[in-house]
Amino acid sequence: MANNNSMIRDLTLAPLGKVKLDWVKSHMPLLNNIEEQFRSELPFKGLKVSICLHLEAKTGYLAQVIQAGGGEVAVCGSNPLSTQDDVVAALVESGITAYAWHNATDEEYHLHMNRALDFGPNAIIDDGGDLVSLLHGERSGQLKEIIGGCEETTTGIVRLKALEKSGLLRFPMMAVNDAYCKYLFDNRYGTGQSVWDGINRTTNLVVAGKTVVVIGYGWCGKGVAMRAKGLGAKVIITEIDPIKAIEAYMDGFEVMTMPEAAKQGDFFVTVTGNRDVIANEHFDVMKNGALMCNAGHFDIEINKSDLTARAVKIREVRKNIDEYEMKDGRKLYLIAEGRLVNLAAGDGHPVEVMDLTFALQALSLKHIVQNGRLLKAEVHSVPIEIDRNVAYLRLESLGIHIDQLTKEQENYLSSWTD
Ligand SMILES: NC(=O)c1ccc[n+]([C@@H]2O[C@H](COP(=O)([O-])OP(=O)(O)OC[C@H]3O[C@@H](n4cnc5c(N)ncnc54)[C@H](O)[C@@H]3O)[C@@H](O)[C@H]2O)c1
(Lines of atoms letter the chains of each structure in order from A; the text may use other names.)
(Lines give C-alpha, C1' and ligand atoms only; values in the text may rest on other atoms or scores of the structure.)
Protein backbone atom coordinates (compact mmCIF):
# COMPACT_ATOMS: atom_id res chain seq x y z
CA MET A 1 0.00 0.00 0.00
CA ALA A 2 1.43 3.32 -0.97
CA ASN A 3 1.90 5.80 1.82
CA ASN A 4 0.71 9.25 0.80
CA ASN A 5 3.12 11.07 3.09
CA SER A 6 6.05 9.83 1.05
CA MET A 7 7.99 12.21 -1.19
CA ILE A 8 9.35 10.21 -4.08
CA ARG A 9 9.98 10.62 -7.81
CA ASP A 10 7.55 8.16 -9.39
CA LEU A 11 5.47 5.39 -7.83
CA THR A 12 4.97 3.68 -11.20
CA LEU A 13 8.65 2.62 -11.09
CA ALA A 14 7.80 0.19 -8.26
CA PRO A 15 7.76 -3.00 -10.40
CA LEU A 16 11.34 -2.30 -11.55
CA GLY A 17 12.41 -1.71 -7.98
CA LYS A 18 10.73 -4.92 -6.86
CA VAL A 19 12.77 -6.91 -9.38
CA LYS A 20 15.95 -5.39 -7.89
CA LEU A 21 14.77 -6.18 -4.36
CA ASP A 22 13.96 -9.77 -5.33
CA TRP A 23 17.48 -10.22 -6.74
CA VAL A 24 19.19 -9.05 -3.55
CA LYS A 25 16.85 -11.10 -1.36
CA SER A 26 17.94 -14.23 -3.17
CA HIS A 27 21.59 -13.40 -2.32
CA MET A 28 21.26 -12.24 1.29
CA PRO A 29 20.84 -15.45 3.32
CA LEU A 30 21.77 -13.79 6.62
CA LEU A 31 19.06 -11.16 6.27
CA ASN A 32 16.61 -13.89 5.14
CA ASN A 33 17.37 -15.71 8.37
CA ILE A 34 17.06 -12.56 10.53
CA GLU A 35 13.82 -11.55 8.76
CA GLU A 36 12.26 -14.86 9.74
CA GLN A 37 13.51 -14.49 13.32
CA PHE A 38 12.16 -10.90 13.52
CA ARG A 39 8.74 -11.93 12.14
CA SER A 40 8.21 -14.18 15.13
CA GLU A 41 9.95 -12.02 17.78
CA LEU A 42 8.65 -8.59 16.61
CA PRO A 43 11.48 -6.68 18.36
CA PHE A 44 10.38 -3.32 16.89
CA LYS A 45 6.66 -3.65 17.60
CA GLY A 46 5.16 -0.26 18.44
CA LEU A 47 8.34 1.58 17.44
CA LYS A 48 9.12 3.97 14.61
CA VAL A 49 12.51 3.68 12.93
CA SER A 50 14.00 6.30 10.59
CA ILE A 51 16.77 5.11 8.31
CA CYS A 52 19.20 7.40 6.45
CA LEU A 53 21.25 5.21 4.09
CA HIS A 54 22.23 4.93 0.44
CA LEU A 55 18.86 3.95 -0.96
CA GLU A 56 19.46 1.06 -3.30
CA ALA A 57 18.10 -2.48 -3.21
CA LYS A 58 20.23 -3.92 -0.38
CA THR A 59 19.32 -1.05 1.95
CA GLY A 60 15.72 -1.41 0.82
CA TYR A 61 15.72 -4.99 1.98
CA LEU A 62 17.18 -3.98 5.38
CA ALA A 63 14.29 -1.52 5.77
CA GLN A 64 11.83 -4.32 4.96
CA VAL A 65 13.48 -6.65 7.49
CA ILE A 66 13.00 -4.03 10.21
CA GLN A 67 9.42 -3.60 9.07
CA ALA A 68 8.99 -7.40 9.32
CA GLY A 69 10.15 -7.03 12.93
CA GLY A 70 7.08 -4.91 13.67
CA GLY A 71 8.63 -1.46 13.15
CA GLU A 72 7.07 1.42 11.28
CA VAL A 73 9.85 2.50 8.94
CA ALA A 74 10.75 5.72 7.14
CA VAL A 75 13.76 6.07 4.84
CA CYS A 76 15.71 8.98 3.37
CA GLY A 77 18.89 8.99 1.29
CA SER A 78 22.38 9.58 2.66
CA ASN A 79 23.62 10.95 -0.66
CA PRO A 80 21.60 12.63 -3.42
CA LEU A 81 23.20 10.59 -6.19
CA SER A 82 22.97 7.12 -4.63
CA THR A 83 19.17 7.01 -4.35
CA GLN A 84 17.54 4.68 -6.87
CA ASP A 85 14.01 5.92 -7.63
CA ASP A 86 12.64 2.51 -8.62
CA VAL A 87 13.78 0.89 -5.36
CA VAL A 88 12.30 3.75 -3.35
CA ALA A 89 8.98 3.35 -5.20
CA ALA A 90 8.93 -0.39 -4.42
CA LEU A 91 9.57 0.36 -0.75
CA VAL A 92 6.66 2.79 -0.63
CA GLU A 93 4.45 0.18 -2.24
CA SER A 94 5.46 -2.27 0.50
CA GLY A 95 4.26 0.16 3.19
CA ILE A 96 7.50 1.96 4.01
CA THR A 97 7.45 5.76 4.06
CA ALA A 98 10.15 7.28 1.86
CA TYR A 99 11.52 10.79 1.44
CA ALA A 100 14.08 10.61 -1.33
CA TRP A 101 14.74 11.01 -4.98
CA HIS A 102 17.78 10.70 -7.16
CA ASN A 103 19.74 13.89 -7.74
CA ALA A 104 17.96 15.87 -5.02
CA THR A 105 19.22 19.44 -4.63
CA ASP A 106 20.84 20.36 -1.31
CA GLU A 107 17.55 21.93 -0.16
CA GLU A 108 15.51 18.87 -1.18
CA TYR A 109 18.03 16.54 0.44
CA HIS A 110 17.76 18.40 3.75
CA LEU A 111 13.99 18.58 3.46
CA HIS A 112 13.91 14.78 3.01
CA MET A 113 16.02 14.28 6.11
CA ASN A 114 13.79 16.60 8.12
CA ARG A 115 10.71 14.73 6.92
CA ALA A 116 12.28 11.45 8.08
CA LEU A 117 12.57 13.06 11.52
CA ASP A 118 9.02 14.52 11.35
CA PHE A 119 8.05 10.83 11.10
CA GLY A 120 8.81 10.75 14.86
CA PRO A 121 11.39 7.96 15.18
CA ASN A 122 12.18 6.11 18.40
CA ALA A 123 15.33 4.67 16.85
CA ILE A 124 17.53 5.60 13.89
CA ILE A 125 20.04 4.12 11.49
CA ASP A 126 22.43 6.80 10.27
CA ASP A 127 25.16 6.86 7.64
CA GLY A 128 27.64 9.68 8.05
CA GLY A 129 25.99 11.24 11.09
CA ASP A 130 23.54 13.63 9.42
CA LEU A 131 20.42 12.51 11.34
CA VAL A 132 22.33 12.59 14.64
CA SER A 133 23.64 16.03 13.82
CA LEU A 134 20.14 17.37 13.04
CA LEU A 135 18.74 15.80 16.21
CA HIS A 136 21.43 17.45 18.33
CA GLY A 137 20.96 20.79 16.58
CA GLU A 138 17.77 22.26 15.20
CA ARG A 139 15.67 19.18 16.10
CA SER A 140 16.81 18.85 19.72
CA GLY A 141 13.19 18.94 20.91
CA GLN A 142 12.93 15.36 19.65
CA LEU A 143 15.93 13.98 21.55
CA LYS A 144 13.94 12.49 24.42
CA GLU A 145 11.92 10.31 22.03
CA ILE A 146 15.03 8.57 20.71
CA ILE A 147 16.02 5.31 22.40
CA GLY A 148 19.20 5.06 20.36
CA GLY A 149 20.60 4.22 16.98
CA CYS A 150 23.26 2.66 14.79
CA GLU A 151 25.95 4.33 12.65
CA GLU A 152 27.07 2.76 9.38
CA THR A 153 30.32 4.44 8.35
CA THR A 154 33.76 5.62 9.51
CA THR A 155 33.01 9.31 8.96
CA GLY A 156 29.82 9.04 11.04
CA ILE A 157 31.74 7.42 13.91
CA VAL A 158 34.34 10.23 13.79
CA ARG A 159 31.51 12.80 14.11
CA LEU A 160 29.78 10.78 16.86
CA LYS A 161 32.99 10.53 18.89
CA ALA A 162 33.46 14.32 18.59
CA LEU A 163 29.90 14.79 19.87
CA GLU A 164 30.49 12.32 22.71
CA LYS A 165 33.79 14.02 23.64
CA SER A 166 32.10 17.39 23.84
CA GLY A 167 29.62 15.87 26.32
CA LEU A 168 26.65 16.62 24.05
CA LEU A 169 25.63 13.16 22.81
CA ARG A 170 22.15 12.51 24.21
CA PHE A 171 21.36 8.91 23.27
CA PRO A 172 23.38 5.70 22.83
CA MET A 173 24.71 4.91 19.35
CA MET A 174 26.13 1.61 18.17
CA ALA A 175 29.34 1.94 16.14
CA VAL A 176 28.35 -0.67 13.56
CA ASN A 177 31.20 0.44 11.28
CA ASP A 178 33.72 -0.66 13.91
CA ALA A 179 32.47 -4.25 14.17
CA TYR A 180 34.95 -6.75 12.69
CA CYS A 181 32.33 -8.13 10.30
CA LYS A 182 31.85 -4.58 8.98
CA TYR A 183 35.19 -2.97 8.33
CA LEU A 184 37.16 -6.11 7.52
CA PHE A 185 34.77 -7.07 4.74
CA ASP A 186 32.60 -4.08 3.80
CA ASN A 187 35.24 -1.34 3.92
CA ARG A 188 37.99 -3.52 2.45
CA TYR A 189 36.44 -6.04 0.04
CA GLY A 190 33.20 -4.14 -0.58
CA THR A 191 34.81 -0.78 -1.34
CA GLY A 192 37.71 -2.46 -3.15
CA GLN A 193 35.45 -4.19 -5.65
CA SER A 194 32.68 -1.64 -6.01
CA VAL A 195 34.94 1.39 -6.51
CA TRP A 196 36.52 -0.30 -9.53
CA ASP A 197 33.12 -1.44 -10.75
CA GLY A 198 31.96 2.21 -10.59
CA ILE A 199 35.09 3.54 -12.34
CA ASN A 200 35.14 0.86 -15.01
CA ARG A 201 31.50 1.03 -15.99
CA THR A 202 31.61 4.85 -16.02
CA THR A 203 34.86 5.35 -17.96
CA ASN A 204 35.08 2.15 -20.03
CA LEU A 205 38.88 2.65 -19.94
CA VAL A 206 41.63 0.11 -19.36
CA VAL A 207 43.35 0.08 -15.96
CA ALA A 208 46.24 -2.32 -16.70
CA GLY A 209 49.54 -0.54 -17.13
CA LYS A 210 48.23 2.75 -15.79
CA THR A 211 49.20 4.51 -12.56
CA VAL A 212 46.57 4.59 -9.84
CA VAL A 213 47.07 6.90 -6.87
CA VAL A 214 45.11 5.86 -3.77
CA ILE A 215 44.93 8.64 -1.20
CA GLY A 216 44.49 7.11 2.26
CA TYR A 217 45.49 3.55 3.18
CA GLY A 218 42.79 2.82 5.74
CA TRP A 219 40.38 -0.12 5.46
CA CYS A 220 38.78 1.19 2.28
CA GLY A 221 42.05 2.35 0.74
CA LYS A 222 43.60 -1.10 1.25
CA GLY A 223 40.74 -2.64 -0.72
CA VAL A 224 40.92 -0.07 -3.53
CA ALA A 225 44.71 -0.51 -3.83
CA MET A 226 44.53 -4.32 -3.72
CA ARG A 227 41.98 -4.44 -6.55
CA ALA A 228 43.86 -1.81 -8.60
CA LYS A 229 46.92 -4.06 -8.40
CA GLY A 230 44.78 -7.01 -9.48
CA LEU A 231 43.66 -5.05 -12.53
CA GLY A 232 47.30 -4.59 -13.52
CA ALA A 233 47.86 -1.01 -12.42
CA LYS A 234 51.01 0.46 -10.92
CA VAL A 235 49.75 1.65 -7.52
CA ILE A 236 50.97 4.62 -5.49
CA ILE A 237 49.76 5.30 -1.94
CA THR A 238 49.78 8.64 -0.15
CA GLU A 239 49.24 8.77 3.63
CA ILE A 240 49.69 11.02 6.64
CA ASP A 241 49.98 8.13 9.14
CA PRO A 242 53.53 6.70 9.31
CA ILE A 243 52.32 3.23 10.34
CA LYS A 244 49.82 2.95 7.49
CA ALA A 245 52.54 4.23 5.14
CA ILE A 246 54.88 1.39 6.19
CA GLU A 247 52.02 -1.09 5.85
CA ALA A 248 51.40 0.12 2.28
CA TYR A 249 55.12 -0.13 1.48
CA MET A 250 55.32 -3.68 2.87
CA ASP A 251 52.20 -4.60 0.92
CA GLY A 252 54.28 -3.82 -2.15
CA PHE A 253 53.05 -0.33 -3.07
CA GLU A 254 55.02 2.82 -3.76
CA VAL A 255 54.54 5.46 -1.08
CA MET A 256 55.17 9.14 -1.68
CA THR A 257 53.77 12.59 -0.95
CA MET A 258 50.73 13.88 -2.79
CA PRO A 259 52.61 16.68 -4.62
CA GLU A 260 54.86 13.94 -6.10
CA ALA A 261 52.07 11.49 -6.78
CA ALA A 262 49.91 14.19 -8.39
CA LYS A 263 52.36 14.35 -11.31
CA GLN A 264 52.23 10.61 -11.97
CA GLY A 265 48.64 9.41 -11.64
CA ASP A 266 46.28 8.41 -14.43
CA PHE A 267 43.54 7.61 -11.90
CA PHE A 268 43.19 9.19 -8.46
CA VAL A 269 40.93 7.69 -5.77
CA THR A 270 40.47 9.61 -2.52
CA VAL A 271 39.40 7.56 0.48
CA THR A 272 40.46 9.41 3.60
CA GLY A 273 37.32 10.82 5.25
CA ASN A 274 39.27 14.10 5.22
CA ARG A 275 38.85 17.30 3.23
CA ASP A 276 40.84 18.83 0.34
CA VAL A 277 43.22 15.92 -0.13
CA ILE A 278 43.29 16.87 -3.81
CA ALA A 279 43.39 20.65 -4.14
CA ASN A 280 44.97 23.59 -5.95
CA GLU A 281 48.64 22.66 -6.05
CA HIS A 282 47.78 19.13 -7.18
CA PHE A 283 45.51 20.16 -10.05
CA ASP A 284 48.37 22.37 -11.32
CA VAL A 285 50.74 19.45 -11.89
CA MET A 286 48.40 16.63 -12.94
CA LYS A 287 48.84 14.99 -16.33
CA ASN A 288 46.51 15.79 -19.19
CA GLY A 289 43.67 13.25 -19.05
CA ALA A 290 43.98 12.42 -15.34
CA LEU A 291 40.76 11.03 -13.86
CA MET A 292 39.70 11.72 -10.28
CA CYS A 293 37.07 10.16 -8.07
CA ASN A 294 36.22 9.92 -4.41
CA ALA A 295 35.23 6.92 -2.32
CA GLY A 296 35.13 8.71 1.05
CA HIS A 297 31.79 9.54 2.62
CA PHE A 298 31.50 13.26 1.79
CA ASP A 299 32.22 15.08 -1.48
CA ILE A 300 34.83 17.30 0.16
CA GLU A 301 37.94 15.19 -0.48
CA ILE A 302 38.49 16.65 -3.96
CA ASN A 303 38.23 20.42 -3.70
CA LYS A 304 35.66 21.14 -6.42
CA SER A 305 35.67 24.90 -5.97
CA ASP A 306 39.46 24.99 -6.53
CA LEU A 307 39.02 22.83 -9.60
CA THR A 308 36.16 24.95 -10.94
CA ALA A 309 38.09 28.17 -10.34
CA ARG A 310 41.01 26.84 -12.41
CA ALA A 311 38.87 25.70 -15.31
CA VAL A 312 38.24 27.73 -18.45
CA LYS A 313 35.59 25.27 -19.60
CA ILE A 314 33.56 22.55 -17.89
CA ARG A 315 31.41 20.08 -19.78
CA GLU A 316 29.93 16.64 -19.30
CA VAL A 317 31.79 14.33 -21.68
CA ARG A 318 30.11 11.08 -20.72
CA LYS A 319 27.39 10.21 -18.23
CA ASN A 320 28.79 10.97 -14.77
CA ILE A 321 32.12 12.34 -16.07
CA ASP A 322 32.85 16.08 -16.14
CA GLU A 323 35.79 17.48 -18.08
CA TYR A 324 37.60 20.48 -16.57
CA GLU A 325 39.75 22.25 -19.13
CA MET A 326 42.64 24.08 -17.46
CA LYS A 327 44.06 27.40 -18.66
CA ASP A 328 47.12 25.60 -20.12
CA GLY A 329 44.90 23.28 -22.16
CA ARG A 330 45.19 20.18 -19.94
CA LYS A 331 41.93 18.33 -19.39
CA LEU A 332 41.18 16.80 -15.99
CA TYR A 333 38.19 14.57 -15.38
CA LEU A 334 35.98 14.22 -12.32
CA ILE A 335 33.70 11.22 -11.90
CA ALA A 336 30.28 11.51 -10.24
CA GLU A 337 30.85 15.08 -9.04
CA GLY A 338 33.35 13.79 -6.48
CA ARG A 339 30.63 11.92 -4.60
CA LEU A 340 31.10 8.29 -3.46
CA VAL A 341 32.01 6.76 -6.80
CA ASN A 342 30.85 3.23 -6.01
CA LEU A 343 27.35 4.44 -5.15
CA ALA A 344 26.96 7.55 -7.30
CA ALA A 345 28.35 5.77 -10.39
CA GLY A 346 27.51 2.18 -9.47
CA ASP A 347 25.30 -0.04 -7.35
CA GLY A 348 27.46 0.04 -4.21
CA HIS A 349 29.04 -2.94 -2.53
CA PRO A 350 28.40 -6.49 -3.70
CA VAL A 351 25.23 -8.00 -2.27
CA GLU A 352 26.90 -10.72 -0.17
CA VAL A 353 29.14 -8.12 1.52
CA MET A 354 26.15 -5.98 2.44
CA ASP A 355 24.43 -9.09 3.78
CA LEU A 356 27.08 -9.17 6.52
CA THR A 357 26.90 -5.42 7.17
CA PHE A 358 23.12 -5.28 7.28
CA ALA A 359 22.90 -8.40 9.45
CA LEU A 360 25.03 -6.43 11.91
CA GLN A 361 22.78 -3.37 11.49
CA ALA A 362 19.57 -5.36 12.08
CA LEU A 363 20.91 -7.19 15.16
CA SER A 364 22.53 -4.03 16.55
CA LEU A 365 19.26 -2.11 16.16
CA LYS A 366 17.44 -4.89 18.02
CA HIS A 367 20.13 -4.68 20.74
CA ILE A 368 19.75 -0.91 21.06
CA VAL A 369 15.94 -0.92 21.29
CA GLN A 370 16.03 -3.73 23.84
CA ASN A 371 18.81 -2.21 25.97
CA GLY A 372 18.93 1.45 24.94
CA ARG A 373 17.28 2.86 28.04
CA LEU A 374 19.89 1.02 30.14
CA LEU A 375 22.86 2.16 28.06
CA LYS A 376 24.73 5.43 28.62
CA ALA A 377 24.46 8.13 25.97
CA GLU A 378 27.78 7.08 24.45
CA VAL A 379 29.19 5.47 21.33
CA HIS A 380 28.98 1.72 22.00
CA SER A 381 30.85 -1.11 20.33
CA VAL A 382 28.78 -3.82 18.74
CA PRO A 383 28.86 -6.68 21.31
CA ILE A 384 31.34 -9.35 20.22
CA GLU A 385 28.57 -11.98 20.47
CA ILE A 386 26.67 -10.18 17.67
CA ASP A 387 29.84 -9.96 15.55
CA ARG A 388 30.60 -13.66 16.05
CA ASN A 389 26.99 -14.64 15.48
CA VAL A 390 27.03 -12.82 12.13
CA ALA A 391 30.32 -14.52 11.19
CA TYR A 392 28.88 -17.95 12.10
CA LEU A 393 25.72 -17.24 10.09
CA ARG A 394 27.88 -16.34 7.08
CA LEU A 395 30.00 -19.50 7.43
CA GLU A 396 26.82 -21.57 7.74
CA SER A 397 25.42 -19.99 4.56
CA LEU A 398 28.68 -20.90 2.78
CA GLY A 399 28.57 -24.48 4.10
CA ILE A 400 31.91 -23.93 5.88
CA HIS A 401 32.53 -25.51 9.27
CA ILE A 402 35.33 -24.56 11.64
CA ASP A 403 36.88 -26.31 14.62
CA GLN A 404 35.88 -25.73 18.24
CA LEU A 405 38.21 -25.35 21.20
CA THR A 406 38.52 -28.47 23.33
CA LYS A 407 37.97 -28.02 27.08
CA GLU A 408 41.73 -28.45 27.61
CA GLN A 409 42.51 -25.76 25.03
CA GLU A 410 40.00 -23.39 26.60
CA ASN A 411 41.57 -23.93 30.02
CA TYR A 412 45.08 -23.49 28.60
CA LEU A 413 44.17 -20.20 26.94
CA SER A 414 42.55 -18.81 30.07
CA SER A 415 45.28 -19.77 32.52
CA TRP A 416 48.60 -18.02 33.27
CA THR A 417 50.40 -21.12 34.52
CA ASP A 418 51.87 -23.83 32.21
N1 LIG B 1 32.70 4.14 -0.55
C2 LIG B 1 32.16 3.37 0.37
O3 LIG B 1 31.29 2.56 0.09
C4 LIG B 1 32.63 3.46 1.77
C5 LIG B 1 32.55 2.34 2.62
C6 LIG B 1 33.02 2.48 3.93
C7 LIG B 1 33.56 3.69 4.35
N8 LIG B 1 33.58 4.76 3.49
C9 LIG B 1 34.14 6.08 3.86
O10 LIG B 1 35.49 6.09 3.37
C11 LIG B 1 36.30 6.95 4.20
C12 LIG B 1 37.50 6.14 4.72
O13 LIG B 1 37.03 5.06 5.51
P14 LIG B 1 38.05 3.99 6.14
O15 LIG B 1 37.19 3.00 6.86
O16 LIG B 1 39.02 3.54 5.13
O17 LIG B 1 38.77 4.95 7.21
P18 LIG B 1 40.20 4.73 7.90
O19 LIG B 1 40.21 5.64 9.07
O20 LIG B 1 40.47 3.27 8.08
O21 LIG B 1 41.22 5.29 6.77
C22 LIG B 1 41.37 6.60 6.39
C23 LIG B 1 42.86 6.80 6.06
O24 LIG B 1 43.05 8.07 5.45
C25 LIG B 1 44.27 8.60 5.95
N26 LIG B 1 44.29 10.05 5.73
C27 LIG B 1 43.63 11.04 6.40
N28 LIG B 1 43.94 12.25 5.88
C29 LIG B 1 44.79 12.02 4.85
C30 LIG B 1 45.47 12.86 3.92
N31 LIG B 1 45.34 14.20 3.96
N32 LIG B 1 46.27 12.29 2.99
C33 LIG B 1 46.44 10.94 2.94
N34 LIG B 1 45.84 10.09 3.80
C35 LIG B 1 45.02 10.62 4.74
C36 LIG B 1 44.28 8.19 7.42
O37 LIG B 1 45.60 8.23 7.95
C38 LIG B 1 43.74 6.77 7.33
O39 LIG B 1 44.75 5.79 7.17
C40 LIG B 1 35.35 7.45 5.28
O41 LIG B 1 34.81 8.68 4.87
C42 LIG B 1 34.25 6.39 5.33
O43 LIG B 1 33.08 6.89 5.88
C44 LIG B 1 33.17 4.65 2.21
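From the backbone N, Cα and C atoms, a Cβ is placed for every residue, glycine too.
Going by what TrEMBL states, the substrate site holds Glu152, Lys182, Asp186, and the candidate of Asp106, Asp118, Asp127 recorded there is Asp127. Neighbours of the substrate site: apart from Asp127, Glu152, Lys182, Asp186, residues of the same chain with C-beta atoms within 8 angstroms of the site's C-beta centroid are Glu151, Thr153, Val176, Asn177, Asn187, Thr357, Gln361.
Residues Asn187, Glu239, Gly296, taken from the binding-site residues Asp127, Asn187, Glu239, Gly296, are distinguished by a CB atom under 6 angstroms from ligand 1. For the substrate site, whose annotated binding residues are Asp127, Glu152, Lys182, Asp186, the maximal Cα to Cα separation is 14 Å. In this structure, the CA atom of Gly218 (NAD(+) binding site) is 18 Å away from the CA atom of Asp127 (substrate binding site). Reduced to three states, the DSSP call for Gly218 (NAD(+) binding site) is coil. For the pair Asn187 (NAD(+) binding site) and Glu152 (substrate binding site), the Cα-Cα distance reads 11 Å.
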